[in-house]
2 protein chains.
Amino acid sequence: MKFEVTILGSSSATPVYNRNPTAQLLNCNEKFYLIDCGEGTQQQLIKFGLKASKINYVFISHLHGDHYFGLIGLLSSMHLNGRIKPLYIFAPKAIQEILELQFKHSDTNLRYELVYFEIDATQPAIIFQNGDVTVETIVLNHRIPCTGFKFTEKKRLRKLIVEKLENDDVPLDLYPLLKRGVDLTLPNGNVLKNIDYTTDSAHPRSYAYCSDTLMDELYFDSIKNCDTLYHEATFLHEMLERAKETHHTTALQAAEVAKIVNAKKLLIGHFSSRYKTLVELLEEAKTVFENTELAIEGTTYQI
Amino acid sequence: MKFEVTILGSSSATPVYNRNPTAQLLNCNEKFYLIDCGEGTQQQLIKFGLKASKINYVFISHLHGDHYFGLIGLLSSMHLNGRIKPLYIFAPKAIQEILELQFKHSDTNLRYELVYFEIDATQPAIIFQNGDVTVETIVLNHRIPCTGFKFTEKKRLRKLIVEKLENDDVPLDLYPLLKRGVDLTLPNGNVLKNIDYTTDSAHPRSYAYCSDTLMDELYFDSIKNCDTLYHEATFLHEMLERAKETHHTTALQAAEVAKIVNAKKLLIGHFSSRYKTLVELLEEAKTVFENTELAIEGTTYQI
């Protein structure tokens, strides 16, 4: 199953040096989930050849503008481009009032339905599930209510050991039951033990997105053992005081988090406008957690 | 005096093919006036090396998103970048509610003052004057209340004929009065007739910005004899019915307007996303009004 994330914006606060405010597009089994939507997200989608029409779910971490000012424009363009299927928005409650006020004054009556799900930023919760993925909130520690999101693949069906099944003449119509892990007793009394005919499916991968936060053990449990951890790394560690003051994290701290929670891979982003180049942030993180990459706009990362 | 306009966005409705929604930056004597502010305007300013901090006045024609969705991000970035001087916003009344709602939910207390001037879209009016320029609204005919803006240079002082003044030993301290067009009687009874010592100053140039409108004689008087007319030209004339339906203008009609109002030059923009290239729109307009140019992003046009 495809499970990958494309970075649309990697800048914190203000756009600079061709870096745009935060947005990411998660592709999970060819279903598309937009995570945050800073100003210019729709232009970034066009630039990278990604279709806004394929997005059915939007997740907004918090209401600082660099994480959602692009949403009203994206939704308006979807309307103008003829969208009719519903769009599901998981966001802080006020998003509805903000969007509706602007639609009212532009006299826009959307042709499609916006379905709002209010996020409670006080405790982690499962907020969405379908056949592919479960989405849980991650309670972060920022200046305003803020949640990250953990996307976990659904556990896949067990894998059949086809050669053995064929050797033992197991009827084809029993395969689906075996995939589900069932032991079977045949009419002749023979027992087919599931463990003899199947192997466990691949480990369900997970992607944890921690947008804006102080480093805080508050959220470590929520992201334990994730495969890819995206964590903000706004500053170099020499700016730790500034990071604390603004409720952000340094590259070194992001790496410490990855190590503590036993992530397989770390992706850092949300870079301060003071950094024209990013190599120092990467090097700093790697001193603590080697398997770190920079979130580069237009790049797709396998989870 | 410098009097020029730089195009920041030339697209209608949705961004496409690297064309951004509408925004223009007018430089009048090194003071900067932002006209409309579609999504991504702040990114366009960065791209073209223009300083947002120099903008003191913002004019919003109407509340369709492609003309103002970039404003909240621009204002937020000004705040984050340390602005303390006031910013003056001329816009439909609801802009204040829209901006303040978003500042409230991001817990933003601007360090600088936003001064709002409500535009009445029912009749043309002078809405701003300083030593350089007068700004008047142009009442347009669109789906929601919409005004264009006419920027007219202040009449300059008369030009001194210095050689003659020196020949006749006219005291230097009288020069300023002569520049203002005054006739003077000297203590010895001699009369200095202004017309003998000065010539008329250059004709005050004007820039008329007609954002979104049906072609309608309603606004022709307001833009008569302007030096540069920016007029929307959303469609080719073969799409006239669609233009009427959406309250827009065709390239041919924009040229007709320029001809009727006796503009010196026509600049067309607000191109529909259906046009990947723009040459046909230009050619169509030129069949009626030869001195037409396309509004190209990043290009500065002298008025």
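A Cβ is built for glycine as well, from the same backbone N, Cα and C atoms used for every other residue.
Heads up, TrEMBL stuff is auto-annotated, nobody curated it.
According to TrEMBL, the features are:
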BINDING   B:HIS62, B:HIS64, B:HIS142, B:ASP212  Zn(2+) 1 binding site
BINDING   B:ASP66, B:HIS67, B:ASP212, B:HIS270  Zn(2+) 2 binding site
ACT_SITE  B:ASP66  active site, proton acceptor
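Positions of TrEMBL features highlighted on the structure.
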residue	record	Cβ within 10 Å
B:HIS62	Zn(2+) 1 binding site	25
B:HIS64	Zn(2+) 1 binding site	25
B:ASP66	Zn(2+) 2 binding site	28
B:HIS67	Zn(2+) 2 binding site	27
B:HIS142	Zn(2+) 1 binding site	21
B:ASP212	Zn(2+) 1 binding site	27
B:HIS270	Zn(2+) 2 binding site	29
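Note: the Zn(2+) 1 site is recorded as B:HIS62, B:HIS64, B:HIS142, B:ASP212; in the same chain, B:SER61, B:LEU63, B:HIS67, B:LEU140, B:ARG143, B:ILE144, B:CYS146, B:SER211, B:THR213, B:HIS247 also have Cβ atoms within 8 Å of that site's Cβ centroid. Compute the center of the Cβ atoms of B:ASP66, B:HIS67, B:ASP212, B:HIS270, which mark the site for Zn(2+) 2; besides them, the chain residues with Cβ within 8 Å of that center are B:SER12, B:ALA13, B:PRO21, B:THR22, B:ASP36, B:GLY38, B:SER61, B:HIS62, B:HIS64, B:SER211, B:GLU232. Taking 8 Å as the upper bound (exclusive) on CB-CB distance to chain A, the binding-site residues B:HIS64, B:HIS67, B:HIS142, B:HIS270 give B:HIS64 in sequence order. The two recorded residues B:HIS270 (Zn(2+) 2 binding site) and B:ASP212 (Zn(2+) 1 binding site) have their Cα atoms spaced 8 Å from each other.
Taking the Cα atom of each, B:ASP66 (Zn(2+) 2 binding site) and B:HIS142 (Zn(2+) 1 binding site) are about 14 angstrom apart. Counting in whole angstrom, B:HIS142 (Zn(2+) 1 binding site) lies 13 from B:HIS67 (Zn(2+) 2 binding site) by their C-alpha atoms. Mapped onto three states, the DSSP output places B:ASP66 (Zn(2+) 2 binding site) in helix. When secondary structure is read from DSSP and collapsed to three states, B:ASP212 (Zn(2+) 1 binding site) falls in the coil class. Geometry remark: B:HIS67 (Zn(2+) 2 binding site) versus B:ASP212 (Zn(2+) 1 binding site), CA distance 10 Å.
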